[in-house]
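K.L.:
Dropping the structure in here first, questions after.
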Amino acid sequence: MDKSAAAADDVERGDYEQEHERTGTVWTATAHIVTAVIGSGVLALAWSVAQLGWVAGPLALAGFACVTYYTSTLLANAYRAPHPVTGDRNRTYMDAVRSYLSPREVFMCGIAQYVNLWGTMVGYTITATISMVAIRQSDCSRRNGAGARCDASGTVLMLAFSVVQVVLSQFPGLEHITWLSVVAAVMSFAYSFIGLGLSVGQLVSHGGGLGGRIAGATAASSTKKLWNVLLALGNIAFAYTFAEVLIEIQDTLKSPPAENKTMKKASMYGIGATTIFYISVGCAGYAAFGSNAPGNILTAAGLGPFWLVDIANMCLILHLIGAYQVYAQPIFASVERWAASRWPEAKFINSAYTVSIPLMQRGSVTVAPYKLVLRTVIVVATTVVAMMIPFFNAVLGLLGAFSFWPLTVYFPVSMHIAQCKITKGRKKWYLLQGLSMVCLMISVAVGIGSVTDIVDSLKVSSNPFKTVS
């Protein structure tokens, strides 16, 4: 169960009434959290630490971890309503928001989740293309020598990735591609540990001397430095985002003990382990490459051996193929439900055909033309946007800014205030609102920095359809 799988399934399932057997423990929940949190965002941590420096970089990683853990404990209490131990279960994030907050906030939560899902599809398209470009460049260097000119446009490769997604999008739902999610989870661990190992190897090969500066990498101007710092914070926020996963993980736990008690322990263990890993990856990459640490650690110049880097990039591509679908399927389902309710009598929407496929176990599949069209249009639109803003760090920063405050901070804090009936004027109310406001300001600043970086990059880029890191 990786980050994307849990996040997407949380939105797709919505309200369901059938009970399911809950056998989860603190250790299974910890495992789910670790696999859910660790995703492609880990590849940007070396660059993020490079922008912040040796002091602010690790502190930022630890700070986001502390905030994420604290709000996770608040969200764990919202699994049941109105009482955190004896109340009725809320099986999804939106169910929890619906139990405690107003319809307007439920609507806001839905917007935040679906925009985050679609934005992550854009980010995954860009990331997968960068890895494909890296593999092509690596192959060119092996064939023609290290000094050979190896240009590789990402346009064709991005289109190839999208064609694969169009094919996979025709599966009816996530339950039909569980195997893809399992492969994606395994691949996420593979490339993350390869990236860490390669960074450590690079550091050892240079005599073990630490690269970089206390204040972080320099920039052409103080304004550019500020944008880079904000992007780094956004990348870190994106790497820690897992709030939309928590309620679903908690719904797998057996009781007694109370689910919220078990989930709090699992959050502490999972986020603690992830933070140690993140600090290791970020600091090892910065130590190995200094201020030249790339936005995607797997694209670092001189990182080797070639074959191991290619394996890591291939693992990343396979992970993103599955991750993309798990984010996309709930969007498909939502659009299709809307279309069916909007035009209930339309023949095109209600038509379906059975197609025989001799090599399939079931022998045939049902094809709905309107689903084929709608899903293809969504994938194509996602690809066009990814081609227009192919900037890895800026997109991750923007996603981190958009998802961190509303999903990780605002809704958990608001539900906790409603659940505990914390009235305005009490010290705890001001502290909670202060935490929310600080995180909101960080998210807004990161969002401005990300958008500014994208705009500046588009101004200087002669070909916005060429993927860059």
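Including glycine, each Cβ sits where the backbone N, Cα and C put it.
Curation plays no part in TrEMBL annotations; they are all automatic predictions.
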K.L.:
According to TrEMBL, which of these ranges is transmembrane segment: 179-205, 341-367?
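P.N.:
Based on what TrEMBL states, transmembrane segment spans 179-205.
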K.L.:
Would the transmembrane segment (372-392) count as touching the transmembrane segment (156-173), i.e. at least 3 C-beta pairs under 8 angstroms with sequence separation of 6+?
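P.N.:
Yes, the stretches contact each other.
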K.L.:
The transmembrane segment (430-451) and the transmembrane segment (267-289): do they have three or more Cβ pairs under 8 Å, with pairs 6 or more apart in sequence?
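P.N.:
Judged by the Cβ rule, the two regions do not touch, with the required three close pairs absent.
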